[in-house]
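TrEMBL lists 1-56 with the feature region 'Disordered'. The compositional bias 'Low complexity' annotation in TrEMBL covers 10-33. The domain 'Aspartate/glutamate/uridylate kinase' annotation in TrEMBL covers 92-334. For LYS96, LYS319, the entry in TrEMBL reads site 'Transition state stabilizer'. As annotated by TrEMBL, substrate binding site applies to GLY131, GLY132, ARG153, ASN258.
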Amino acid sequence: MTSATDPQQGAVAPDATAAGATAPGAAVPDATVPETGAPETGAPETGAPESEAPMAGKNPLAQLDAVREEARAKSEVLIEALPWMQRFRGTIVVIKYGGNAMIDEGLKRAFAADMVFMRHAGLHPVVVHGGGPQISAMLERLDIDSEFRGGLRVTDEETMDVVRMVLVGQVGRELVGLINQHGPYAIGMSGEDARLFTATRRGTVVDGEDVDLGHVGEIASVSPASLQDLLDAGRIPVVSSIAPEVDAEGRPTGEVLNVNADTAAGALAVGLDAEKLVMLTDIEGLYRSWPDRSSLIPEISASDLRAMLPSLTAGMIPKAEALLDAVDAGVRTAAMIDGRIEHAALLEVFTTKGVGTMVRRDDYV
């Protein structure tokens with residue numbers, strides 16, 4: 001969500017062509033029956049039933065007014081998007097693709113179209129994805145147990161093989177394919193490619209106890225030069241959130257780590273000096289008092305969000321921390337949006353209507 005003085009939220013810029021509009025110059029059929037001596041049944045002399053009479057019982061002028069009103073409403077949306085297109089043109093926007101948006105077939109297609117729209121509007125979208133539901137489904141299919149601690153998946157070596165296979169070979173490939181239905185735009189890569197990411201192992205603390213998460217990492221470095229080359233060539237990078245492990249001295253260990261996609265997206269936004277970070281989730285945004293939906297927060301400062309961290313759920317903490325890290329490191333705004341809404345990414349970027357919570361730097365004006 002954005003403040004009134006700075007465009008940051010957006011709505012889909014739908015097609016300006018009015019669906020169902022009468023073609024210019026096309027004749028509007030007259031429902032009046034000519035006086036030809038036909039029986040007084042009200043039916044045309046063709047003998048067609050009254051229900052099939054062209055435009056029967058309809059007012060052509062009223063229909064035309066309805067079409068014009070629909071076209072006017074659509075044109076207003078396009079005009080509303082114009083200043084945001086001007087504002088974001090030439091900038092990088094990192095979008096974390098996750099939640100129901102990567103499960104529902106309609107939402108998948110809508111998201112892919114959104115990325116192509118952004119690219120043609122002059123933005124440089126970069127997609128970072130996880131694949132929690134798909135990983136869980138594959139682990140269950142292979143009869144491999146899995147657990148979460150502190151909102152993070154415990155990942156042993158066997159689980160890591162599945163994570164790598166699903167993220168790079170399934171989720172990433174599917175999204176690349178959906179985007180490329182609109183043209184040769186998307187290129188898939190992972191944090192391993194050209195050492196886009198490196199990561200060190202991390203644990204977590206649950207109820208005061210240290211927990212070993214196995215092959216789980218946190219980003220140690222970002223080297224975005226290869227990805228920037230793709231952006232300069234007009235491509236849409238689709239990045240899987242795995243990374244090669246390095247030790248405390250930065251030396252490769254030969255292992256690969258599972259990195260939380262929210263964390264990876266935040267780090268990449270910083271590394272690319274992105275204008276905006278957007279995270280798709282399965283909730284409407286951040287709440288001051290969950291489950292009171294009226295307590296939804298449309299906009300919050302970094303310091304206020306930091307104060308809220310202890311009250312957030314385990315699964316929400318990595319998202320909030322990634323948003324905070326991004327704005328603290330220079331990303332102008334970051335947003336957590338409701339990915340269950342079609343074209344939520346466009347709604348966030350191209351209009352003032354909010355579909356989530358915007359996090360801004362304390363000095364943001």
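Just so you know, glycine gets a Cβ as well, placed from its N, Cα and C.
For ASN258 (substrate binding site), the count of additional Cβ atoms within 10 Å of its Cβ stands at 26 [all protein chains shown]. Mapped onto three states, the DSSP output places GLY131 (substrate binding site) in coil. Taking only the Cα positions, the spacing between GLY132 (substrate binding site) and LYS96 (site 'Transition state stabilizer') is 13 angstrom.
Residues GLY131, GLY132, ARG153, ASN258 make up the record's substrate site, and a Cβ search at 8 Å around their centroid adds GLY130, ILE135, SER136, THR155, VAL163, LEU167, ASN260, ALA261 from the same chain. Within the same chain, residues at least six positions away from LYS319 (site 'Transition state stabilizer') with a Cβ under 8 Å of its Cβ are ASP262, MET279, THR281, MET336. Listed in sequence order, the residues of the same chain lying 6 or more apart from GLY131 (substrate binding site) and placing their CB within less than 8 Å of its CB are MET102, VAL163, VAL166, LEU167, GLN170, VAL171, SER240, ALA261. A mean pLDDT of 93 is what the model gives for the domain 'Aspartate/glutamate/uridylate kinase' (92-334). Each of the recorded positions LYS96, ARG153 was scored by the other Cβ atoms within 10 Å of its Cβ; the lowest score goes to ARG153. All protein chains included, GLY132 (substrate binding site) registers 19 other Cβ atoms within 10 Å of its own Cβ.
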